[in-house]
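A.B. asks: Pasting the feature list from Swiss-Prot:
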- ASN22, LEU24, GLY49, GLU70, ASN113: S-adenosyl-L-methionine binding site (BINDING)
Amino acid sequence: MESPRDILKRHGLRAKYSWGQNFLGDEDALEAIADALNLRADEPVVELGPGLGHLTRFLAATGARVTAVERDRDMVMVLEKEAIPGVRVVSGNAATVDFAQVAGAPDVAVAGNLPYHLTSPILFRVLEQRAHVSRAVFTLQKEVVERLAAEPGNRDYGLLTVLLGMHYDAENVLTLEAWRFHPPPKVDSAVLRLTRRKSPRAPIIDEARFTRVVKASFAHRRKTLINSIKSDPTLGTTETLIAALEAAGVDPQRRAETLTPEEFAAIERALGPLTPATSTPAE
């Protein structure tokens, strides 16, 4: 396979540092990433930020129907000239893509070597569209993958860990050293696999309020749970929140990183039915 450096040179291009472009050209790593998605022949898969098409080729080799969504016009030009069989190239923003619409299918797999600065927007997008995303494999900054795959009680455990964990099983499947990329990033990367659960880990009354509960809980990580969660006045008074924590069986003096997704769900349920005053949308 032609290296990223050689493809860029052939097309008279350079990696755009401001776009976070670091191209993975290591064939063993690319094959492992494609294998981690467990694609079936003719299955729809959306690749976000395909760049020069290295992973795209391995995804297409599985027989899957690949839709490659790329924002950089130079990369779109390269992909169209390369004309990889079984691949449809779409110009678009990975952070706002409608997965089902772009793939023309109600349920899709998703893959991508994501620019680090777009990690959170894209993961939140997957959460928003989880009804259409059965599983995903993303190459991310190593410390981000470790955070997303962390267990309660780990200092890496945080907001997105809980929100993703309600609906997906997260696994750190592969570490990728910086030298495997062109140009090499300043830190190592890792591959995150998300597999949608058949049902959420625990029932909740309102998704937006659940998100607010988790956000408020992690807003001040060094504070106790009650002192952090009360920072969101839309959730209720301090007395209401203490009562909800106790009803959920959660000690108000604990810290957010020690709670399981199920415990956060119990807190949300303990806040009771929504009223017009408590139904403010999550930000």
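Each residue, glycine too, has its Cβ placed from N, Cα and C.
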A.B. asks: Relative to the Cβ position of GLY49 (S-adenosyl-L-methionine binding site), how many further Cβ atoms are located within 10 Å?
C.D. replies: 25
A.B. asks: Looking only at ASN22, LEU24, GLY49, GLU70, ASN113, the residues listed as binding S-adenosyl-L-methionine, what is the longest Cα to Cα distance in Å?
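C.D. replies: Largest pairwise Cα separation, rounded: 16 Å.
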A.B. asks: Pick the one among the binding-site residues ASN22, ASN113 whose Cβ has the fewest other Cβ atoms within 10 Å in this structure.
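C.D. replies: Checked ASN22, ASN113; of these binding-site residues, fewest Cβ neighbours within 10 Å: ASN22.
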A.B. asks: Within 10 Å of the Cβ of LEU24 (S-adenosyl-L-methionine binding site), how many other Cβ atoms can you find? Include all protein chains, please.
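C.D. replies: The Cβ of LEU24 (S-adenosyl-L-methionine binding site) has 20 Cβ neighbours within 10 Å.
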A.B. asks: At a 10 Å cut-off from the C-beta of GLU70 (S-adenosyl-L-methionine binding site), count the other C-beta atoms across all protein chains.
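C.D. replies: Around the Cβ of GLU70 (S-adenosyl-L-methionine binding site), 26 other Cβ atoms lie within 10 Å.
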A.B. asks: Look up GLY49 (S-adenosyl-L-methionine binding site) in the DSSP assignment and report helix, strand or coil.
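C.D. replies: The residue in question, GLY49 (S-adenosyl-L-methionine binding site), is coil (DSSP, three-state).
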